[in-house]
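> The structure is given below, and queries will be raised subsequently.
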Amino acid sequence: MLETGYLQKQPYFGAVVGRVANRIAKGTFTLDGKEYQLAINNGPNSLHGGVRGFDKVLWTPQVLSNGVEFSRVSPDGEEGYPGELKVWVTYTLDGGELVINYRAQASQATPVNLTNHSYFNLAGQGSPNIYDHEVTIEADAFLPVDETLIPTGEVAPVQGTAFDLRKPVELGKHLQEFHMNGFDHNFCLKGSKEKRFCARVHHAGSGRVLEVYTTQPGVQFYTGNFLDGTLKGKSGAVYPKHSGFCLETQNWPDAVNQLTPPCTAQHFGVYRGHLAHSACRQRNLSALIRQQMVEK
């Protein structure tokens, strides 16, 4: 049932993705002088950990007083990644917030870049699209991509482009104005590794607001371009193109190949992340997503 239900054509709804979120060009990288070949599952590239990433495996649960912890061991060589990786993801309730903490420990140098792939539609369950959502992203630059959605290597200013979301834009009108199919791009966030504001989404009809805070260098804004309406969810609702959005705070795509040193590589280190979000309908009590990535 699991194979034919949840896993079939599953677009990462609400999932933790890993070992490496986003795309790695041609599924290859070199680390400490050795070249590795990953599983290919997105055109010529590796996406969200490969064919059987962290979203498609069983985790071991442990009930906590105010939440639950899931853990697993990703064995050496899983989907082509080097080294054993122990991962813990803890979900707890803190007041009105759902807090997600990530922790991972590697036995050797390996890329690690975890994120949460939750979709949002602030208009509510069954709403057909997100065109009436007002979006703001606090980023002066973005990463242009090639035809396979791999960054070209350019860090481009958003000024004067369709990617200038520093002031609120209504998504549907914005896509129409710039003749865009949607967003599936990394925005380069300003500031240091300290937690700071990066994005805000407002739905006037419901009064719901979502705000995002992070210490990560990027956020992937995805507008559900590949949803096709074939999946059925709660009360039989289907999810067509542009029926939900994701704000995936993470490292830059293909960072293991394009950044020097490759900042997703964990050298016998401990990877920690923190994510919290809450729902509300008041502008002064905005929903929060906070994600911190601290390396030791």
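For all residues, glycine too, the Cβ spot is worked out from N, Cα and C.
All annotation found in TrEMBL is predicted automatically rather than curated by experts.
So TrEMBL lists the following for this protein:
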type: BINDING; residues: Asn22, Arg23, His117, Ser118, Tyr119, Asp184; note: beta-D-galactose binding site
type: ACT_SITE; residues: His117; note: active site, proton donor
type: ACT_SITE; residues: Glu248; note: active site, proton acceptor
> Considering only the binding-site residues Asn22, Arg23, His117, Tyr119, Asp184, which residue has the minimal Cα-Cα separation from Glu248 (active site, proton acceptor)?
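It is His117, whose Cα lies nearest.
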> Which one, from the recorded positions Asp184, Glu248, has the smallest tally of other C-beta atoms lying within 10 Å of its C-beta?
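Output over recorded positions Asp184, Glu248: least Cβ neighbours within 10 Å is Asp184.
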> Count, for each of the binding-site residues Asn22, Ser118, the other C-beta atoms lying within 10 angstroms of its own C-beta, and report the residue with the smallest count.
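Checked Asn22, Ser118; of these binding-site residues, fewest Cβ neighbours within 10 Å: Ser118.
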> Going along the chain, which residues six or more apart from Arg23 (beta-D-galactose binding site) have their CB under 8 A from its CB?
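Listed in sequence order: Asn42, Asn45, Ser46, Leu47, Thr148, Leu149, Ile150, Pro253, Asp254.
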> Name the secondary structure element type, per DSSP in three states, that contains Asp184 (beta-D-galactose binding site).
strand
> Which residues in the same chain, at least 6 apart in sequence, have a Cβ under 8 Å from the Cβ of His117 (beta-D-galactose binding site)?
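Non-local contacts for His117 (beta-D-galactose binding site): Tyr12, Phe13, Gly14, Ala15, Val16, Val17, Ala21, His48, Asp55, Cys246, Glu248.
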> Give the sequence-ordered list of residues that share a chain with Tyr119 (beta-D-galactose binding site), lie 6 or more positions from it, and have CB atoms under 8 Å from its CB.
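Same-chain residues close to Tyr119 (beta-D-galactose binding site) (Cβ under 8 Å, separated by 6 or more) are Phe13, Gly14, Gly224, Tyr239, Gly244, Phe245, Cys246.
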